[in-house]
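According to TrEMBL, the protein has these features:
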TRANSMEM  16-33  transmembrane segment
TRANSMEM  53-71  transmembrane segment
COILED    78-119  coiled coil
DOMAIN    126-347  domain 'Histidine kinase'
DOMAIN    372-486  domain 'Response regulatory'
MOD_RES   Asp421  4-aspartylphosphate
Amino acid sequence: MVQYLTAHLACGQKRAYQYLLALFGFLALLLWVKVNYGSQAFVELSYSDEQEVWGAPFILGTGLFFLHYLTSQFVHSEKRLTAELRSSLQEREALVRELNEKQIELLEAKHEAETATKRKSEFLSTMSHEIRTPLNAVVGISHLLQEDQTRSEQLENLNILKFSAENLVALVNNILDFNKIEAGKIELELASFNLSHLLASIHHAHLLQAKKKNISLEVDVASDVPIMLTGDPTRLAQILHNLVGNAVKFTNDGSVKVSVACQSAETASSTLRFTISDTGIGISEDKLEVIFDSFTQANADTTRRYGGTGLGLAITKRLIELYNSKIKVESKEGAGSTFYFDLKLATSDADLEEAVLPDILQNAFSSARGKRVLLAEDNEINVLIAKKHLAKLEVTLDIAQNGEEAVSMVKSSSYDLILMDLHMPLMNGFDAAKEIRSMDENIPIIGLTAAVEDETQLKMQEVGIDEWIFKPIEPKILREVLLKNLAKGECLKKT
């Protein structure tokens with residue numbers, strides 16, 4: 001292989017010149033001696049191989065016009081290559097400028113998207129609080145009226161009122177959950193739960209509506225299905241509520257059935273298949289995929305006739321995907337639908353009766369009598385409802401209208417438990433709880449909030465709030481949480 005090519009004139013004059021030329025695709029060193037123009041000259045060429053061993057020279061007869069031609073070619077090639085290089089550099093600079101501009105545009109678009117997402121979250125959080133606060137009054141008073149002795153026709157109206165209020169709560173929850181899912185802020189919790197109790201609550205929640213439509217609502221659990229499981233009962237209940245609620249809504253006659261079967265069992269877990277089938281209006285084949293899209297229903301007529309936001313199935317699909325599973329549907333227009341999904345759930349070592357409060361709590365109803373409870377709440381309607389809900393426990397209830405007042409009352413009096421609203425004037429519930437916790441490490445503090453964001457829950461933990469209840473407040477939940485924490489506080493006092 002020729003690496004170098006050298007040439008020099010075979011004549012007596014020794015005024016030598018050398019040029020580095022691009023010849024035949026490689027670099028060649030041309031050595032020549034200047035002679036008079038037009039005189040004959042001979043060019044001696046030699047080459048070396050890869051080991052730089054030079055071969056015997058050979059002589060080419062030529063004239064100076066040959067060297068002049070080579071030199072001209074070199075100059076022309078240099079200019080052409082320089083121009084090409086300059087053009088290439090200009091193109092590269094233009095490309096770099098364009099890329100930088102695109103990068104700036106992308107960063108600006110990202111910032112705008114993040115800002116829009118933040119504003120949307122803030123708006124939904126604010127709307128959640130503003131909607132849940134009056135809903136707390138509607139749901140709370142409807143519960144109180146149901147517990148009173150009312151005539152049958154009044155009870156029916158109250159049931160409708162309560163059902164409508166709870167539907168509105170579910171709608172708000174769906175919108176907020178969808179926002180959290182989009183932001184990737186939902187994580188599944190792990191807790192022991194009783195599957196039979198969970199299914200019973202689903203059945204009870206939708207039974208009234210099913211009876212109104214004169215359709216049957218059945219729950220069937222196979223005998224080999226474990227009852228005590230470990231998972232996220234709240235999200236599982238939400239999935240089933242959405243599917244059963246849709247089945248009842250879109251079924252005008254016939255039945256809705258919830259079935260649970262064991263697909264496979266291992267030492268510490270079981271794969272369960274949940275199936276919700278109905279004899280309702282069904283879904284056309286071309287709509288089976290789009291029904292899981294956000295804000296989408298099978299068609300506009302369905303929305304007009306049955307209502308809904310089109311978020312239920314989208315949320316259900318995303319929640320099931322958190323379990324690394326998929327929801328499937330079989331349906332035929334006019335012949336009903338069947339939705340089913342498989343969940344792998346760990347079996348729990350907890351006893352079947354774990355859902356029942358411990359022994360000390362069994363007697364808490366009677367032992368709660370006379371306990372001093374401080375309620376920090378600035379909304380008069382919420383105060384009225386809380387008083388009525390807690391009246392059956394016969395606790396002594398004091399009221400603070402803001403955080404500063406709550407801190408002052410704790411300093412001057414002894415309390416067994418504090419119910420703390422988070423949004424109050426002068427001093428909010430977070431700051432009040434933090435200050436109270438610095439004075440007393442053991443007193444149970446229960447947060448009352450209409451904000452369901454994870455950030456709010458994390459902040460409550462940071463300031464020392466033991467547990468929290470979301471508004472609108474269910475009387476049963478309020479009493480259970482209060483009794484449990486009163487019992488816990490009693491235990492801490494004895495240790």
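Note: Cβ is positioned from N, Cα and C throughout, glycine not excepted.
For the domain 'Response regulatory' (372-486), the model gives a mean pLDDT of 88. With a cut-off of 8 Å between CB atoms and residues at least 6 apart in sequence, the same chain places Ala376, Glu377, Asp378, Asn379, Asn382, Gly429, Gly447, Leu448, Thr449 near Asp421 (4-aspartylphosphate), listed in sequence order. Counting residues of the domain 'Response regulatory' (372-486) by DSSP class, helix then strand then coil, yields 54 helix, 24 strand, 37 coil.
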